[in-house]
Structures are given as C-alpha cells and as structure tokens.
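Presented below is the structure to which this report refers.
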C-alpha cells in the first residue's frame, strides 16, 4: 500500500553503518583461515531394503569452526521417495529438535518422529550396515525417475539425478579445494551449495523480487525475508518469501524440467552465479523437496501437491477493479463509479484504502467522510448494479483505550508479546499491537471482528496489507540477543539492514513460545489463512482475500498483487516476470497496480499499461496519495483503449474462469511463460516480455514509450489475432515477427489447436454471464483442436464438487478433406441448462484457402437437423491463406452434447 517510502539512500546508509558498530566481527577476524566450515563425514548409513524408498545417515563434523557460532556436531539426513515424482532430503540436528514449519501450519507429509533420547540403538543398526564404506550409496526405486546418491567422501555430499537422461539435477558434491562447497550446519547459519551445468540450466523463481527478466540473471544474491519495501526497487527482498525454483534444461532433452523447494521459513540469502546455487539460511533445518516433472506444468502440479492447491476465486474477481489511496470521502467513490459508467468502461469492483477508517482503525468507518448511512447506500447501489466493494485491513490494532477491537483483543489475550507483554509497534493509527495468528483464540477474535464489520457494512472482500509485518519504528535489540542480531547478516534491503529494522523484533514471542525470528515470513500466510476461514464461516460463499505478504502455500488462501510499484516504464516491464513468478509459486490470481502506484503516471504509460493489465489474472488500477488521478476515463485515448481491451477480457471471462478451475484442481498457473506450452523451443526460455493465458492465448504488449510496433516471438504454428480474425502469423519454426502496435492496440493471438468458449461484452461480469456463448474454433494443421469450459454460480465455496451445481464441457474439432466436425462432451450439464446458456455462434479459423463450405448439420441427442445456409458466412483472411467461417443463430444448449458438421 502506502507506507512512508524508505529512500534506500541516506536513512538506510546510516542504519547500515550503525550495524557494523554493534554487529559481530567479520569472517576473517573470527577464523584466521577465513573458512566458515569444514563439512561432515558419514558415520553410518542405512537404506530401507523393504520399500527401497528411504535412506538415513548420520554425518559427523569433520572439524570445528568458530565463525557464526559453534557447529552442530552430529546431523541426521533422511532421503525419502515420498512419491514416484517427489524426493525429499531432510537434514537436521541428530540430537536436538530444531524449528521447522509445523504440519498444522503447512500440511504435508508427517515429519519424522523426534530423535530418541538415546541414539545407541540407532547407531548399532546403522553401523552394522555393510554400505558404510562404499563411495556412493544409492536410493532408487524402479517406479521413480529420481535417484538420490550419498557421496561418501570426506566431507560428504549428495546428488539428485534423473535416471532416464542420466542428468544430475542437484549436485551437492563438495569440491575439496573449495570450502564454500561444504555443508555447514550452525544454529543460526545453514550453508548448502549445488553446482549447476552452466548454460544448460535455466532457473526461475526464488522470490519475491522485482526484476526485468523472468529467467534469473547470473551473479546475484536473492534474499528472502518479508519486508515493506516498494516493489519499484529491483533486486531487493520484497513482501514475500518463496524459496522454490524451477530449472528448465536445454539438454540432454530440451525442456526437461524439475523443481526444488527449500521448505524453511527463516530468512536467507540464495546466491546464484550461473554455475552454482548456494543457500545461506539463518535458522531452521534443510528440508528439500525435488519435483521430477519432467514438464513445467507437471513440476507446478507436484509442487502445489505439497504446499497446497490455489484457492478458487469468485467469478466477479476476474472483472476490472479500481482503487486509490486518497479517495477522500464517499462522494468521491460515487463520482468514480459514475465516471466509469459514463465512459462505458467496465467496472466490477470499487476499492477503498485506509481512507475509509476512523483514525485508521480497523473495522471502523470515518463518521465524517464515510458515514455509515451514506456508505450503506453506496454499497447497496453497487450491489444493485452487479458490482462489488472491497476494503483494506492492516494487522496493527490501535491501542486507543476506547477502541472496542482493542478492548476485546486484550480480553482474549490475542496479541504478540515481547518480554511477557504485548509488543508495542507503530503504524497508521499510531501505537498498535499485532494479533498473534498462531494463537487459537486469534481466529475467534479475528472472525468476530470481521463479523461485526460485515454486519455494519456488507463488503465483498478483504484486502490485507502491511503484513510483512510493517512497523514504522525499529525497536532496540535486546542486548546480547543473537535473534535480534544474528551472526550472519542476510542482504536485507540490498544493504544488509538489520533484520529488526522497521518490523517486529525477532525476539517477540508467538503462541507456543515460538520466536518471531522463526516465523516472520509466515505472518502474511497466517493472516490470510484466518481471514479466508472467517469469510467462509460468515458468508458461506467463496471468499476474496488479497494479501501483500505471502509464503509458499499462501495461494491456498489468497490472491496477491505485486505491491507498491511506480508509474514508470521499468515497472511496467517488471510486472510480467513478477506475475509469472507467482504463477510458479502457486498463487495464480496475481497482478500489478495498473498505471503505477507511486508517482504521477502519463497518458501514454497508462494507456499501454491497461492494454497489458487487462490480461493480468487480477486486473486493478491503483494509485497513491498525492499523485494525479489515473482512473481510466481521465484521458479519452486511455478510455478508448480500456473499452477495447476490457471488452476482449470480458468476452474471455469464461476462459479465465476455466483456467481458475484448472489452477485450483492441479496448480497450473493462469498466466504462463511461453515455455510451458513450448518446452522444446529453447528460444522461449529467455522471453520475459510476452506470456500465455492458458496454453494458447499469447499476449505481446508494448513496453517502451514512443513506439508503434513490437517484435514478438511466435513459436511454431498458425496464430490468429483475437481482435481481428482475418490477421494471422504463421511460423513453421519459432521466429520473431515485427507487429504493428499503434497507440490503441495490443497484440493478442490464439494458436491453432485451441477452442475458446466466450461470451459477450458487458459492463459487469453479472451482465456478461447472461449473454449467449460464442465458440471460437482454431483448426490445427497437425491434428485435432481442443477446449474446455467450467462454469458454476461463481460464488460457491468449492469448484466442481457438488454435482448439479456446475457444468464442465470439453470441445473437440477435427477436419478431413472438405469436412469439419465440432463436438461437445458434457459432464454435469444440468447447471448450464438451468441457466439457459446457449451457444449462439461458432467461428472457425485456420481453414485453408480453397476449403469449400456448402452447408452444415447439427445433431443434438438423437435428432439431426440441417442448418440454415443463410446463417453461414465464409470470408478470406487478409493474406489469402485462410478462410474465416461463421455460423450464427445456432441456439445450442450449452449443457447438452452436440455434433456440428460443416461440409
């Protein structure tokens, strides 16, 4: 949102210098050799000979080092094939339980039981293993393509390999001449390195950071610790922590893909050179998950099976949305809604930032500028128009003694503590306490506060912001505390700021005596979890939650926007890699603030931004206090572009929604990099300026000022312009094409082999859902064409569960000689029939020049009828290469199977 922006200049430099006055000594002063660790040698090993799916070993320290604290002497390493496509490697202290994310926070396979008080029986079993003296000990199963190899050298290492290609996916084999490649395990410093095969590996993920390219650049440090830093700052740690990466290999099999998750909630640096990836983590354990793929989509499916599938979003959330920090009163809100209506630009959701609150206190209304009676009338009018209303909540609860939320929070003892009493921070209301969302009573408290507010004002969704946690003050560290001042300094804010800076002190305590140090990165995740649960309980509808801070698995509960970007062309560029990153992270409902949040936008930038932003999964215009107003109707050229691109978006709403169904079912993103559909095309690996919606709709925006063309990459196949079906691009192999992109135009193409079910343009999603369907069939030169459609009421909590409350349709099209056949396969068609949805028109693209269409027949059930020739049109495209065929007036029930034959 809108925190006072750290300049990353003088203020940061002052703190940076102070850090070195109070911090620990440097590596070279701690260890004369400059070596931070000497690694471990394997003491004993055992492979489960029954299932052949697990291996355990006890590595013992080779030599002590004094840097960053005392080494842990004995480790336990467990490698387990949890499924045929997932391998887990867990490394921890063999004698003492350490912090790791509990299963009741992030549900996955049950963690191994705690080590016994006496390990002698374990030692006897393992030491008797005849494999201990072997140089390489394998864990392999005939049903899995993944192999774990324990490298029994001094120091030891391990590798993960793909059997089918003999490719090493993760190589933690130490280089005896380079101590930086040794495993180091200190209480507050874990160090693990994997070598990479240079240019064969293409790495994506490890967020959250703003950057100009989706593929990670070499020679950088990616820091993961949630911080309130504007996303307009590239290459620094931002609001979320996602220690997951995807590796797409260009050989030995082009497109062979795997994923790696380090499930750890502590702060960390990940150094990526191109040849190595090194984890430097300040707590917890090493808990690695390897996902076999081998396709990018399969990797995300396997990854989200562990962290949780994305939550379904309500249908209305795919409409266009408007917000601003600085709407001063309810009359301004009314004016904005009226402005969109007058300009005939679709507006689905109106938002309000902290302006609506009484003295910035959660769950209140400003009695002067946003009085209850006027706000109720405003929201009721939105609902009558088929529109929605969303407001913001910040986690800081004002300590004003007359504030009822504060009083109830104190009564139920729900706040985070430090030194035995609630920790006092400062945010917008002034002094605040923060709820401890690990505490069971916090769910009851939060649910009750939301209930009281919904009874006051029936908002449709909640926006949870500032939940990194952001704090306007930096509390002094507890003297001598290595939690507030850990020995290893992660590259916080890009300048190694102390981790206590402008947030909750790491020594604050959560329920269960868990220090903030360990769960800092989980706060946004936990707040989203309780907020979603509260809304489901209170409304019995599918909730909409938007969170700024996220962690692996947050997609189960929330959507995300990319935070406080700026109205610059650079930020427009950053938005695509950020959107694609969150698709990988299992949060498909994502978008950037359209036209830019910080600073004044321009007409040209805003016009180009709405052209792109109309195709973000989450599409919202948002700007900051003190900036020029940037609603889309403020400039006629922007309004015209908005009508055009949002018109296409609204016709594609059934497609967006079907992609949401696919995402919540198997984790696949809505917006995808090109290599998801074309993994064997190596040129797609480095593309950051284009993206796909689903598998075949490609968006190629203008990202520079003053240009009227764009050079776009087209993978092999025939591609058709979704704004003008008579325009097409043919690529026999992948190639770059310069496309016309006048000021009012963005290039959006659909590839052959796809079928889209679309509806009509409208001002709201509610109105769009009442229009007839239009089937766009893009014939393929290489076989059949396919499409899918999922529909329900858009608000039921689950998708596709309760039979009779949803409809799923598969469309198939194929051609032979002078015949084209289009069929539908319907599952649970009753819902579509009850809504009286019909397919009125079918448009067919990709039919080659010379194809003669003389008529058509339609079969529904046992009845076949001859089509009306007057409803059939056939026109050549602009290049004379294809014809565009269209049949109108079909009136086919969507919920009933049909067969359409053109001859």
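We number each residue from 1, going along the chain as drawn.
Every residue, even glycine, has its Cβ placed from backbone N, Cα and C.
Positions annotated as active site by Swiss-Prot, on the basis of similarity to another entry: 465 (among others). Using a 10 Å Cβ-Cβ cutoff, residue 465 (active site) registers 26 neighbours. Under the DSSP three-state reduction, residue 465 (active site) is assigned to coil, being neither helix nor strand.
There are 28 other Cβ atoms within 10 Å of the Cβ belonging to residue 468 (active site). Taken from Swiss-Prot, the feature active site covers 468 (among others).
Positions annotated as active site, proton donor by Swiss-Prot: 564. In the three-state DSSP assignment, the secondary structure recorded for residue 564 (active site, proton donor) is coil.
Marked as N-linked glycosylation site by Swiss-Prot: 64 (among others). When secondary structure is read from DSSP and collapsed to three states, residue 64 (N-linked glycosylation site) falls in the coil class.
In three-state terms derived from DSSP, residue 219 (N-linked glycosylation site) belongs to neither a helical nor a strand segment and is classed as coil. The feature N-linked glycosylation site is assigned by Swiss-Prot to 219 (among others).
Residues or ranges marked as N-linked glycosylation site in Swiss-Prot (evidence: sequence analysis): 400 (among others). Its own atom aside, the Cβ of residue 400 (N-linked glycosylation site) has 16 Cβ atoms within 10 angstroms in the protein chains shown.
The N-linked glycosylation site feature in Swiss-Prot is assigned to 491 (among others); the stated evidence is sequence analysis. Around the Cβ of residue 491 (N-linked glycosylation site), the same chain contributes 221, 223, 237, 269, each under 8 angstroms and 6 or more positions distant in sequence. Residue 491 (N-linked glycosylation site) falls within neither a helix nor a strand when secondary structure is assigned with DSSP, and so counts as coil.
Under the heading N-linked glycosylation site, Swiss-Prot lists 501 (among others), citing sequence analysis as support. Within 10 Å of the C-beta atom of residue 501 (N-linked glycosylation site) sit 19 other C-beta atoms, taking all shown protein chains into account. DSSP assigns residue 501 (N-linked glycosylation site) to coil in the three-state reduction, placing it in neither a helix nor a strand.
Non-local contacts of residue 600 (N-linked glycosylation site) by the CB criterion (under 8 A, 6+ apart in sequence, same chain) comprise 567, 627, 628. DSSP classifies residue 600 (N-linked glycosylation site) as coil under the three-state reduction. The N-linked glycosylation site annotation in Swiss-Prot covers 600 (among others), and the record cites sequence analysis as its basis.
Annotation source Swiss-Prot lists signal peptide at 1-24.
Closest in space to residue 400 (N-linked glycosylation site), of the recorded positions given as 64, 219, 468, is 468, taking the CA atom of each residue. When Cβ atoms from all protein chains are considered, those within 10 Å of residue 564 (active site, proton donor) total 27, not counting its own. Around the Cβ of residue 64 (N-linked glycosylation site), the number of neighbouring Cβ atoms within 10 Å comes to 10.
Reported as a whole number, the C-alpha separation between residue 564 (active site, proton donor) and residue 219 (N-linked glycosylation site) equals 26 Å. Cβ-based neighbour count (10 Å, all protein chains) for residue 219 (N-linked glycosylation site) stands at 9. You'll find the Cα of residue 465 (active site) roughly 18 Å from the Cα of residue 501 (N-linked glycosylation site).
According to DSSP, residue 400 (N-linked glycosylation site) is assigned to coil rather than to any helix or strand.
For residue 501 (N-linked glycosylation site) paired with residue 219 (N-linked glycosylation site), the C-alpha to C-alpha distance reads 26 Å.
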